[in-house]
Amino acid sequence: MEVKNKIILALDVLSMDQARELLDEISDYLDTIKIGYPLVLAEGLEAVTQVKEEYQCKIITDFKVADIPATNQKIANVTFQAGADALIVHGFVGPDSVASCVESAEKQGKEVFLLTEMSHPGASQFLQPVSMDIAHMGVEMGIQNYVGPSTRLDRLEKIRSIIGKDSFLISPGVGTQGGDPKDTLKFADALIIGRSIYLAPDPVESLESIIDSIEF
Ligand code: XMP
C-alpha cells in the first residue's frame, strides 16, 4: 500500500460533521484514513462509505477484530462491502481467526493488517509477551501488512526484523502518545496519527510540521 506523505490519519472524531470539517481542511495532504469504532459507532458503517467516496481515499478500518473465525469472517465481509480497503485484525486470537479475515479480504480484493503489539502502556502486561510470536505467525501465514508501536522503538525494530523489509508496517503512537515521527520511520513505512492533528488548534499547521520533521 502506498501512503501519501507517510501519514495515515486516525479519524477518531464522533460525527460526520466533525469529520468533514477536518477533512475539508487537510485532505489534500492525505490519501489514507483510518476509521475505527469512535466514528462508526457514532455514525454507522456508512461513515466508511461516505469518507471514501467524498475524499477519494483509501480506508483502513481499525476494528481490531478478535473473535472466533465464523464471526470474524462476517465482520470482515460487512466491513469490506462498506468500502473499506483494509481491516486491522488482532493476532492473539490465533491463526484460524486471522485466516478467516484474510480469506474474506482475498475474495474481495482487499487487505488485512495484523496487529502485533499495541502502543499504550498496558500492552506490556499481556500482549508484549506474545507480540513477536504473533509477528512470526503472520509471516508463516504469508501476511504482508502489520501494525506495531511507535512508542517502543526497540520492539518496532524487532517486529521489522521478523516480518522482513518487504512487508508493510504501519505504526500508531506518534505525537500524543510520545512516539517520534522520524525515528519511527526508521522501521515503519507509515505513521498513524490522530489527536496531534485533529485536536491541534490548526490541523494544517500540525500536519505540515510533522511532514517537515519527516523530510528534513
Ligand atoms: P492518537 O490520537 O494516539 O491515535 O494519535 C492513535 C490511533 O491509533 C489507534 N491505535 C492503535 N491501533 N494498534 C492499532 O491497531 C495499536 O497498537 C494502536 N495504538 C493506537 C488508536 O485507536 C487511535 O485510533
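These residue numbers are counts, starting from 1, taken along the chain as shown.
The backbone N, Cα and C atoms fix where each Cβ goes, glycine too.
Residues or ranges marked as domain 'Orotidine 5'-phosphate decarboxylase' by TrEMBL: 6-210.
The number of other CB atoms found within 10 A of the CB of D67 (active site, for OMPdecase activity), across every protein chain shown, is 16. Sequence annotations record features per position, and here TrEMBL assigns substrate binding site to D12, K34, 62-71, S119, 172-182, 194-195.
The active site, for OMPdecase activity annotation in TrEMBL covers D62 (among others). A C-beta separation below 8 Å, combined with a sequence spacing of at least six in one chain, links D62 (active site, for OMPdecase activity) to A10, K34, I35, G36, Y37, I88.
According to TrEMBL, the feature active site, proton donor maps to K64. According to DSSP, K64 (substrate binding site) is assigned to a strand segment. Within the same chain, the residues at least 6 positions away from K64 (substrate binding site) whose Cβ sits under 8 Å from its Cβ are G36, I88, V89, H90, L115, listed in sequence order.
Residues or ranges marked as active site, for OMPdecase activity by TrEMBL: K64 (among others).
Taken from TrEMBL, the feature active site, for OMPdecase activity covers D67 (among others).
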Recorded positions whose CB lies under 6 angstroms from ligand 1, from D67, I68, S119, G179: S119
D12 (substrate binding site) CB neighbourhood, other CB atoms within 10 A: 18
Tertiary neighbours of G179 (substrate binding site) (same chain, Cβ under 8 Å, six or more apart): S119, P149, S150, T151, L153, S171, P172, G173, L191
Close in space, distant in sequence - G175 (substrate binding site), Cβ under 8 Å, 6 or more apart: P181, I193, R195, S196, I197, I210
